[in-house]
Amino acid sequence: MQIEQSASQLKKNYLWNTVASFTNALSSACLLLACARILGTVPAGIFSLAFALSQQFQVIGHFEIRSFQATDAEERFSFATYLGARYLSCGCMVLAIVAYTLVMRGFSAETLTIMFIMLLRVFDAFEDVFHGMFQQRGRLDIAGKAFFFRVLSMMLAFCVVAALTLDLTSSAIAALAASALSCFVCNIIPARRFVSLKPSFSLIDIRQLLWACFPLFCGSFMLIYITNAPKYAIDAYLNPEFQALYSYIFMPSLVINLLSGFVFKPLLSEMAATYKNHQITRFMSIITKGFVAVGIATAFTMVIAWFLGTPVLGILYDTELDSYTFELMVLLAGGLFNALGIILYYGIVTMRHQKVIYVVYGAACTFCYAASHLVQQYKLLGAAVLYDGAMFVCALGFLCALVYFLHKDNRAYEKIADADINHAAEKGANDEDFVSNANDNLLNEDADA
């Protein structure tokens, strides 16, 4: 599908996609802040855990179909197939959430609250299939608007009901109702202008689609587990108050990714082009620029955090955090490892050796599981060290893989270059022999004459 877009449409797409991206990045922080300020530290801890769990189960609902759908220029699968697959994946997500909360946590008021908060992410997963369709048709602005207004309505409903009732469960139910209504108004109604909303449940097509997306699903599922492993360990060994405290001091580490991303992401296209043209020195210089950007962002964030971090966070979340300055700095170091790992990840994907990513993520998952006892022994410091260790394993694994594949690809390129040189030399020698023989024949003919 070839979509010609005007300059004004491209600007709209960029604007609303940026707005949606910032909304997505800030929504969890804003909701956590509302919980802390309105409901208190313990409800904020319950919300933080539920939101982390919802991210884990959201991967089931997404199944990474969007990345495949948005790049399906030849429309290998119809929208009806994408919609049918999304109904199936979201249904599995709901069943998994209900089964997990009831089986693993038992039936209680807190369990129901966690379940309702986790179910909020079902709408993120479901509407994503419409956003992929809008993107296919060059109308990413509609997707951005839909996401922004749905999340905004959900946040407003949550905060208003929290202020009126001082109850986390009621707030989650109100947010669910607002999400359902806004999902219909902002996504389904506009989608009718472009496609039929009748899904296809062809088992052959859905099986092919899900199988094509399965490797991406596995990678995303492992990555979410690695990122949230400290929260899972806190849930296992400590109380909800520690869950909230960890979430409060974790927030600044996200600033490192945000600042470095502004510098590095515009270089991704250039990085791909340089590697394609086998400009290895230039390729490595781009990665080095990313490292420098991450280093500067980390240094800047750490200096600010050392003097103002815990006092400002304490005022923001209405909690005493001055005794957790060291844990904050440890988490910022983890943010450094995470950002470096992301840069190396992009390098490996650019080189088309993404299978090694599963090996690295598998090693990091194993580390997280084996080292989770640190949280029981050292509490928040243990959680911070667990996060740092997981991010360090990822960064180190990606670095080793990048160096190995660069060396391997460079040797392969040198062999090809040597073969071309030898072929050219042989061809030149053959040409010289041909000319020499031709000259000898001419001389012989002249002598005979």
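From the backbone N, Cα and C atoms, a Cβ is placed for every residue, glycine too.
Database features (TrEMBL):
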type     : residues : note
TRANSMEM : 14-39    : transmembrane segment
TRANSMEM : 45-65    : transmembrane segment
TRANSMEM : 77-100   : transmembrane segment
TRANSMEM : 106-126  : transmembrane segment
TRANSMEM : 147-166  : transmembrane segment
TRANSMEM : 172-189  : transmembrane segment
TRANSMEM : 209-226  : transmembrane segment
TRANSMEM : 246-265  : transmembrane segment
TRANSMEM : 286-308  : transmembrane segment
TRANSMEM : 328-349  : transmembrane segment
TRANSMEM : 356-375  : transmembrane segment
TRANSMEM : 381-406  : transmembrane segment
Among 106-126, 147-166, 209-226, 328-349, 381-406, stretch most in contact with the transmembrane segment (356-375) (C-beta, under 8 angstroms): 381-406
Non-local residues, at least 6 beyond the ends, that sit with Cβ under 8 Å of the transmembrane segment (381-406): 226-227, 229-231, 233-234, 242, 246, 250, 280, 284, 287, 326-327, 330-331, 333-335, 337-338, 340-341, 344-345, 347-348, 351, 353, 356-357, 359-361, 363-364, 367-368, 371-372, 374-375
Other parts of the chain folded back onto the transmembrane segment (77-100), taken as Cβ under 8 Å at six or more residues beyond its ends: 53-54, 57-58, 60-63, 65, 69, 115, 118-119, 121-122, 125-126, 128-129, 132-133, 195-202, 205-206, 208-210
In contact by Cβ distance (the transmembrane segment (106-126), the transmembrane segment (14-39); 3 or more pairs under 8 Å): no
Stretch in 45-65, 147-166, 172-189, 328-349 most in contact with the transmembrane segment (209-226), if contact is a CB pair under 8 A: 45-65
Sequence-remote partners of the transmembrane segment (328-349) [C-beta within less than 8 Å, at least six residues beyond its ends]: 249-250, 252-257, 260, 264, 268, 271, 283, 287, 290-291, 294-295, 297-298, 301-302, 305-306, 309-310, 313, 321, 356-357, 381, 384-385, 387-388, 390-392, 394-395, 398-399, 401-402, 405
Same-chain residues near the transmembrane segment (106-126), Cβ under 8 Å, at least 6 residues beyond its ends: 46-47, 49-51, 53-55, 57-58, 60-62, 86, 89-90, 93-94, 97-98, 150, 154, 168-169, 172-173, 175-176, 179-180, 183
